[in-house]
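Asker: This is the feature table in Swiss-Prot:
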- V5, I6, G7, A8, G9, V10, T11, G12, L13, A14, A15, A16, A17: FAD binding site (BINDING)
Amino acid sequence: MKIAVIGAGVTGLAAAARIASQGHEVTIFEKNNNVGGRMNQLKKDGFTFDMGPTIVMMPDVYKDVFTACGKNYEDYIELRQLRYIYDVYFDHDDRITVPTDLAELQQMLESIEPGSTHGFMSFLTDVYKKYEIARRYFLERTYRKPSDFYNMTSLVQGAKLKTLNHADQLIEHYIDNEKIQKLLAFQTLYIGIDPKRGPSLYSIIPMIEMMFGVHFIKGGMYGMAQGLAQLNKDLGVNIELNAEIEQIIIDPKFKRADAIKVNGDIRKFDKILCTADFPSVAESLMPDFAPIKKYPPHKIADLDYSCSAFLMYIGIDIDVTDQVRLHNVIFSDDFRGNIEEIFEGRLSYDPSIYVYVPAVADKSLAPEGKTGIYVLMPTPELKTGSGIDWSDEALTQQIKEIIYRKLATIEVFEDIKSHIVSETIFTPNDFEQTYHAKFGSAFGLMPTLAQSNYYRPQNVSRDYKDLYFAGASTHPGAGVPIVLTSAKITVDEMIKDIEQGV
């Protein structure tokens, strides 16, 4: 069969490879001039920067894409586990290194607060049990009809997850120390949600980091995009770049998706899998006479969106890779207040920031004697933060100064401004324009309880035959391992339909 995949982000690349490995003819259409989507790369002034995700968790999910296609993952990506997850800075003189080794982890916890290990390990045990339930009964399956969700098994297993509790509540149940609470709460920002709003299930992120470890891909995270692109090439997939989809064509008589309009041409296909940002697809790519019924264009703005981010890609003329960790977090003096600012639409003058120094793990990513630095500051998305004008150069300059002051928390960056030889910024406006991310959301639809599982946009269209959806705003959600899972379960449903002649 001829299959179209819309979008060459990590979801689209993984999905296309899985389909092609089953013997089908696959074409990927990508609006930009490179693959990767939000897993993007910037090469500038001799530096190589990942532009989006940077932390490799759940490496088995990465490997599975290749092995499921009959290939050896080691022929495409080079993975290695990190001994330390990150350095966390509470203040200039207050740094904690978070290890993956259990004995070192216990030593770290006891140095923060004697006796805290028991509560911490109880938290990890509880969250691991919830993760296993969620993975088996909710995350790794689709919901094609109401009875797939509304049944006794889902009711019983869902009750065990205690999804009405928020991430903060679960953490505070086991942990009294405020520093340790912060160590477990900030990761909900990896998927763009407030820990006070995110279901307690999203506490799985620190559990996954500490129990399964954090890895690095040679070449940076973009190495995964390149590996997937090569996998597709080896499987005979055709990738068309600079190919922006104008419309998904619906046959009104048979209510099926049978073509796409791309760069003015109508291209016919047997099935279409769309991995582009779902809200933008529902708003702009469906014909007026054939909207997605649950998500018509006029309702898209009313959905809840994850936060956005202000990113800086900085090159400096000194090599500091032996004085800083690969992954670093610098907390705001008022962590909770900063979270409120992000989700209430206000800019912070004392933000928590994430700092990634890739040459610590791969010297090829910066010129000899120099260092590239990636900084992420969570911000409101463009709906909640409608009063923020990201095109205002005075404003972005002010934010850069805030970030440079915050970076000075790390001793080696105290005089960073005098060493800058390259600087690039990426704002919420850029998320919207580059990736068609609705409201510049960095992680798609916010995974609130009302926008999760059965209540999230589904992988198999309920309105039109031969139309499928995958990606961060669809089930099961955002984050690289999760969108890779989205690709897998969606393709499984498509192949099942093909085999059954549906």
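Just so you know, glycine gets a Cβ as well, placed from its N, Cα and C.
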Asker: Taking DSSP as the reference, which of helix, strand or coil describes V5 (FAD binding site)?
Answerer: strand
Asker: May I have the list of same-chain residues other than V5, I6, G7, A8, G9, V10, T11, G12, L13, A14, A15, A16, A17 whose Cβ is within 8 Å of the Cβ centroid of the recorded FAD site, in sequence order?
Answerer: I28, G37, L228, T275, A470, A487
Asker: Reduce the DSSP letter at L13 (FAD binding site) to three states and note it down.
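Answerer: In the DSSP reduction, L13 (FAD binding site) maps to helix.
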Asker: When you measure from the Cβ of L13 (FAD binding site), how many other Cβ atoms are you left with inside 10 Å?
Answerer: 33
Asker: Under 8 Å Cβ to Cβ from V5 (FAD binding site), same chain, six or more residues apart: give me those in sequence order, or none if nothing qualifies.
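Answerer: Within the chain, V5 (FAD binding site) has Cβ neighbours under 8 Å at G12, A15, A16, I19, V26, T27, I28, F29, L273, C274, T275.
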Asker: For A17 (FAD binding site), what residues in its own chain, 6 or more apart in sequence, show a Cβ-Cβ distance under 8 Å?
Answerer: V65, C69, L228, L231, N232, L235, V237
Asker: Per residue, counting other C-beta atoms within 10 angstroms of the C-beta, which of the binding-site residues G7, G9, T11 reaches the highest number?
Answerer: T11
